[in-house]
Amino acid sequence: MSLLTHLLACLFGMGSWVSINGLWVELPLIVPQIPEAWYLPSYLSVIIQMANIGPLFVTLMHRFRPGTLNERAVIYVIIGLGTVATFLLGFFWKETVVVAGVARSVPLLVLTFFLAAVDCTSSVTFLPFMMRLKSQYLTTYYIGEGVSGLLPSLVALIQGAGVVHCINSTQSVNYTLNIPNGSVTSNLQAQYQPANFSTEVFFFFLSAMMLVCLGAFLLLNYHPSVAREQPNSIYTNGVKQKTKNRELVEQKPMMDPYRPENQKPRSSFGTGSYSWMEVFYIFGILAWVNALSNTVLPSVQSYSCMPYGNNAYHLSASLAALSNPLACFIAMFLPIRSLLFMGALTVIGTGVGVYIMIMAVLSPCPVLVNDTSGGVIIVLAWVLFILTLSYVKVIIGVILRDEGHSALVWCGAVVQLGSLLGAVTMFPLVSVYDYFSSGDPCNTKCS
C-alpha cells in the first residue's frame with residue numbers, strides 16, 4: 001500500500017469536522033466577548049442541526065436521481081466554502097448587528113451555519129468518495145476524522161483556552177445581629193487566564209487546515225501513485241461504469257470476501273451478505289453510538305467533569321479526543337467484523353456513558369467529588385467511552401464500504417440522523433429546563 005495515499009486519506013478525513021470541532025474548543029475565549037454569552041452553545045447546537053439540510057439534499061438526490069449529482073464537484077464546493085467561512089470568522093466573529101433593538105452576533109451565527117453545512121455534508125460525500133480507493137484506506141480516513149477533533153483541542157490547549165486559576169478573594173459580610181463592623185470571609189474565585197495567542201489566529205489556523213484538506217483531495221484525484229491504488233473499475237458520481245458498453249449502474253462490489261462463494265444473497269442490500277434484520281441492527285447501532293458520542297454525552301461533559309476540578313475537565317476533553325484516532329488505529333490492525341462483538345462493545349460503551357450521565361445529573365456533588373480517585377475515574381470513563389464507540393463506528397464503516405457506494409451514503413445519513421436525535425433530546429434538558437447544575441471548579445461545596 002502507498003504511504004502517500006494513507007497520508008492523503010488521513011489529511012482528507014481531517015477536514016471533515018475540523019471547523020466545528022475547533023469552534024467548540026474555542027468557546028471559552030469567544031463567550032466572554034459576545035452578547036449571547038454562555039447561551040451561545042445552545043444556539044450552536046440548533047444551527048448545526050439546521051445545517052443537516054445539506055446531507056438531506058445529497059441523500060435524496062442519490063436516492064431519486066442517482067448519478068446526477070457530481071460528487072467531486074460537491075466536495076470541492078464544501079471544502080472551499082469551509083475554507084472561506086473559517087477565514088472570514090477570523091475577521092467578523094465578534095462583530096454584532098442590532099436585531100429588534102438587541103445586539104446579536106449575526107456574522108458569527110451565519111458563518112457557523114455555513115461551517116456546519118460543510119461538515120454535516122461531508123458525512124455523505126467524503127465517505128462515499130473513499131470507494132474510489134482500496135478498503136484499507138477507509139480506516140486511515142477515519143483516523144483523519146478523529147484527528148479533526150484532536151488537533152484543534154491540542155492547539156487550543158497550547159493557546160490556553162479555558163485555563164482557569166483559582167484566586168483568593170475577600171468579601172465583606174455585614175450582619176445585623178450586634179456586629180457593627182461586620183466580618184470578612186475568604187473564598188476562591190475562578191479567573192480565566194489570557195490566551196497565548198488570539199482567537200483570530202486560531203480561526204486562521206482552522207482555515208489553513210481546510211486548505212490542507214483541499215490539497216489532499218486534489219492529490220487523491222490526480223496523483224499517479226494514488227491512481228494505482230484505485231480499483232480497476234471506473235467510478236463516476238457514485239456509480240460504477242462498465243468499461244465495455246459504458247452502461248451506468250449503481251456501484252456494488254462483485255464479490256464479498258467475507259461471504260462463502262456459493263452462498264445466496266440474504267437480502268437486496270449491497271452484496272446481500274446481511275439479512276434485512278442484520279442491516280437494521282447495524283444502522284440502529286450506528287445511529288445510537290453517534291447520538292451518544294456526538295451530541296448526548298458531549299452536551300453534559302462540563303457537568304460531569306467540572307465538579308472534580310478544571311484539570312479533570314481538560315484531561316477528559318484532551319484524552320477523549322486522542323481516543324478517537326487511537327480507536328481507528330486499533331481497527332486498522334484488528335478489524336473484527338463480528339456483529340455480536342460490535343453489540344458487546346456498544347453495551348460496554350453505553351454502560352460507561354450511563355455512569356458519565358449519572359455524574360452529570362448529580363453535579364455539582366457527584367460521587368467521590370472530594371477524592372482524587374473521583375477525577376481519575378471520570379477521565380478514564382471518558383476515554384473508555386470514546387474508545388469503544390469510535391471503534392464500533394469504524395468497523396461499521398468498513399462493513400458498509402464492502403456493501404457499496406450506496407451503503408456509505410446511507411451510513412453518512414444515519415450518522416447525521418443519530419446526531420440530530422441526540423441534539424433534539426438534550427437541548428431542552430440542558431438549555432430550556434436547566435436540568436443540570438454546573439460545578440464551580442474552585443468552590444465545590446458538598447455536605
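From the backbone N, Cα and C atoms, a Cβ is placed for every residue, glycine too.
Same-chain residues lying 6+ beyond the ends of the transmembrane segment (38-61) with a Cβ under 8 Å from its Cβ atoms: 20, 23-24, 27, 30-31, 68-69, 74, 78, 105, 109, 112-113, 116-121, 123-125, 295, 299, 409-410, 412-413, 416, 419-420, 423-424, 426-427, 430-431. Residues or ranges marked as transmembrane segment in TrEMBL: 38-61 (among others).
Per TrEMBL, transmembrane segment is recorded for 73-93 (among others). Below 8 angstroms of C-beta separation, residues 15, 19, 22-23, 30, 54, 58, 105, 107-108, 111, 114-115, 117-119, 121-122, 125-126, 129, 199-201, 203-204, 206-207, 210-211, 213-214, 217 of the same chain, each at least six residues beyond the ends of the transmembrane segment (73-93), sit close to that stretch.
The transmembrane segment annotation in TrEMBL covers 105-129 (among others).
According to TrEMBL, the transmembrane segment annotation covers 141-164 (among others). Counting residues 6+ beyond its ends, the transmembrane segment (141-164) has Cβ neighbours under 8 Å at 9-18, 21-22, 25-29, 126-127, 130, 190-197, 202, 205-206, 209, 310, 314, 317-318, 321-322, 324-329, 331-332, 390, 393-394, 397, 441-442 in the same chain.
Taken from TrEMBL, the feature transmembrane segment covers 201-220 (among others).
Among the features that TrEMBL reports, transmembrane segment is placed at 274-292 (among others).
TrEMBL lists 312-334 (among others) with the feature transmembrane segment.
According to TrEMBL, the feature transmembrane segment maps to 339-362 (among others).
If you look up TrEMBL, you'll see 374-400 (among others) marked as transmembrane segment. Remote same-chain partners of the transmembrane segment (374-400), defined as residues 6 or more beyond its termini with a Cβ less than 8 Å from a stretch Cβ, comprise 127, 135, 138-139, 142, 146, 270, 282, 285-286, 289-290, 292-293, 297, 301, 304-305, 308-309, 311-312, 315-317, 319-321, 323-324, 326-328, 330-331, 335-337, 342, 345-346, 348-349, 352-353, 355-356, 359, 366-368, 407-408, 410-411, 415.
For 407-430 (among others), the entry in TrEMBL reads transmembrane segment. Within the same chain, residues 42, 45-46, 48-49, 52, 55-56, 58-59, 62, 120, 123-128, 130-131, 238, 269-270, 283, 286-292, 294-296, 299-300, 393, 396-397, 400-401, 436 sit at least 6 positions outside the transmembrane segment (407-430) and bring their C-beta atoms closer than 8 Å to a C-beta of that stretch.
Counting same-chain residues at least six beyond the ends of the transmembrane segment (201-220), those with a Cβ under 8 angstroms from any Cβ of the stretch are 4-5, 7-9, 11-12, 14-15, 18-19, 22, 26, 29, 75-76, 79-80, 82-84, 86-87, 89-90, 93, 132-133, 151-152, 155-156, 159, 161, 226. Through the fold, the transmembrane segment (312-334) approaches residues 25, 136, 139-140, 142-147, 149-150, 153-154, 157, 162-163, 301-302, 304-306, 375, 378-379, 382-383, 385-388, 390-391, 394-395, 398, 441 of its own chain, all at least 6 residues removed from its boundaries and within a Cβ separation under 8 Å. For the transmembrane segment (339-362), the residues of the chain that approach it from at least six positions outside its boundaries are 278, 281-282, 285, 288-289, 292, 296-297, 300-301, 303-304, 307, 378, 381-382, 384-385, 388-389, 391-392, 395-396, 435-436, judged by C-beta separation under 8 angstroms.
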